[in-house]
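J.: Sharing a structure below in structure tokens format, with a few things to ask.
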Amino acid sequence: MIWHVQNENFILDSTRIFMKAFHLLLFHGSFIFPECILIFGLILLLMIDSTSDQKDIPWLYFISSTSLVMSITALLFRWREEPMISFSGNFQTNNFNEIFQFLILLCSTLCIPLSVEYIECTEMAITEFLLFVLTATLGGMFLCGANDLITIFVAPECFSLCSYLLSGYTKRDVRSNEATTKYLLMGGASSSILVHGFSWLYGSSGGEIELQEIVNGLINTQMYNSPGISIALIFITVGIGFKLSPAPSHQWTPDVYEGSPTPVVAFLSVTSKVAASASATRIFDIPFYFSSNEWHLLLEILAILSMILGNLIAITQTSMKRMLAYSSIGQIGYVIIGIIVGDSNDGYASMITYMLFYISMNLGTFARIVSFGLRTGTDNIRDYAGLYTKDPFLALSSALCLLSLGGLPPLAGFFGKLHLFWCGWQAGLYFLVSIGLLTSVVSIYYYLKIIKLLMTGRNQEITPHVRNYRRSPLRSNNSIELSMIVCVIASTIPGISMNPIIAIAQDTLF
């Protein structure tokens, strides 16, 4: 009898929760229509996986890619609409947030074809992989539009939990398990630090959680210049720093990059930085409006440390993925310059443009690592020697992406860095820009060192891995080459038409 009563209560409670969720989607669904498309795609993936056999695997890729493309289309149709606040102030939709959401969706769309061959060769579970990627994408999109402290905490946790599972996806690999453990422990610690910072912000503002209401609360309580705000700023900067992985919050990055499956690293290397950058700009600009000098100083220190340590340590690496890990630490230092400049002098427009180029440059490089690793089973930089003699397309596309990452003209990376540094120079960040220029020269050195290995034709330098190199007979090889071609084109051609891209970003933002 008691069991029946408890069961009936559970059914009633579940029905109420479902009806409330349905009511929210019915009245607020138009505000999060791109996110709803991904949710529908997730449900469809689960239904197909539970009712089908192995023959329907191509449908899983098709549904995932289609839901991402449809979500991008929905965002484009909603472009430049009036800003909207929904879900009782928890979520905000505007052009600034939608640009970052577009970048996250673009990353995920490119990562799925990049992963097809790797999944087939390693016999990874396909459905779960796609579910985690789409759910992480969903968490990143919600983080971009988060308008209160609770959503800013919950959305990245949704992203982070999927990231932990993806990084440890190859359970039999000891390095993958080690990377996941470090990632999980440091991620949990950073989340605790972030919540502690939020608690100081919540208390100082008189119990407000919405970003704009926090500013009003700080004015009413006269706490905007109090020590509590400084403490909140430090803790929140450390918490967000884990997601952005600037130095000295970068310790997890090389190990996770090296131990995780390569398609997962490609996905995490760009989406986490895009989502964290969107969140950082909103948090620093709105609640810490009165502490701009303090957070500018903090971010300048992080940018300098990231650019110097990231690029110098990258020179010493022998693993391609570890080298890209330290390179990404240096790259986030350049992005922080745009965050510091802000609205003035087109800082946000230049930051967004550079991140768009960084997505193509980075994913193109990882596509090459996936392709080469599947054929040779190695990640060592020395083992790439002479690749041009066996696979000219792979070697040339790798060289173009690496040169663009280094910032050599006339590639997209050069013009992206040029505009970013010029905005920083106009804003008076002379020392920061000078460090950026010097470290860019350092990065060109280790990128050119890899390109020299790729193009070498001397037999004594060619390793057995390249001598025995064979192109994959799998039909899915076309998918990774497609991703690589798109990334190479996006890393080269946009440099020629830089001004229109910047103009579109400026016009959209302001």
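In case you wondered, yes, glycine gets a Cβ from its N, Cα and C as well.
Copying in the features that Swiss-Prot gives for the protein in this structure:
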- 24-44: transmembrane segment (TRANSMEM)
- 57-77: transmembrane segment (TRANSMEM)
- 99-119: transmembrane segment (TRANSMEM)
- 124-144: transmembrane segment (TRANSMEM)
- 149-169: transmembrane segment (TRANSMEM)
- 183-203: transmembrane segment (TRANSMEM)
- 295-315: transmembrane segment (TRANSMEM)
- 323-343: transmembrane segment (TRANSMEM)
- 347-367: transmembrane segment (TRANSMEM)
- 395-415: transmembrane segment (TRANSMEM)
- 418-438: transmembrane segment (TRANSMEM)
- 484-504: transmembrane segment (TRANSMEM)
J.: Please check if the transmembrane segment (323-343) comes into contact with the transmembrane segment (57-77), where contact means 3 or more CB pairs closer than 8 Å and the residues in each pair are separated by 6 or more positions.
T.: no
J.: Mind checking which residues of the chain, 6+ beyond the ends of the transmembrane segment (183-203), have their Cβ under 8 Å from one of its Cβ atoms?
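T.: Beyond its ends, the transmembrane segment (183-203) has Cβ neighbours at 149, 152-153, 156-157, 160, 163-164, 167, 209, 214, 228-229, 231-243, 249, 251-252, 255-256, 287.
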J.: Counting only residues 6+ away from its ends, which parts of the chain sit with a Cβ under 8 Å from the transmembrane segment (347-367)?
T.: 96, 99-100, 103, 106-107, 110-111, 114, 262-263, 265-266, 269-270, 273-274, 277, 281, 324, 328, 331, 334-335, 337-341, 397-398, 400-402, 404-405, 412-413, 416-417, 419-420, 422-424, 427, 480, 483-484, 486-491, 494, 498, 501-502, 505-506, 509
J.: Within the same chain, where does the transmembrane segment (99-119) have neighbours whose Cβ lies under 8 angstroms from its own Cβ atoms, ignoring anything closer than 6 residues to its ends? I mean 6 or more beyond.
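T.: Residues packing against the transmembrane segment (99-119) from afar: 34, 61, 64-65, 68-69, 71-72, 75-76, 126, 129-130, 133-134, 137, 140-141, 144-145, 261-263, 266-267, 270-271, 274-275, 277-278, 352, 355-356, 359, 363, 366-367, 370-371, 374, 472, 474, 476-477, 479-480, 482-483, 486-487, 505, 508-509.
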J.: Please report, as numbers and ranges, the same-chain residues at least 6 past the borders of the transmembrane segment (124-144) whose CB is under 8 Å from any CB of it.
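T.: Distal contacts: 34-35, 38-39, 41-42, 45-46, 49, 57, 60-61, 64, 67-68, 91, 97-98, 100-101, 104-105, 108, 111-112, 115, 118, 151-152, 155-160, 162-163, 165-166, 169-170, 261, 267, 271-272, 274-276, 278-279.
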J.: Is the transmembrane segment (57-77) packed against any residues at least 6 beyond its ends, judged by a Cβ distance under 8 Å, and which are they?
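T.: Answer is 33-35, 37-38, 40-42, 44-45, 48-49, 98, 101-102, 105-106, 108-109, 112-113, 116, 126-127, 130, 133-134, 137.
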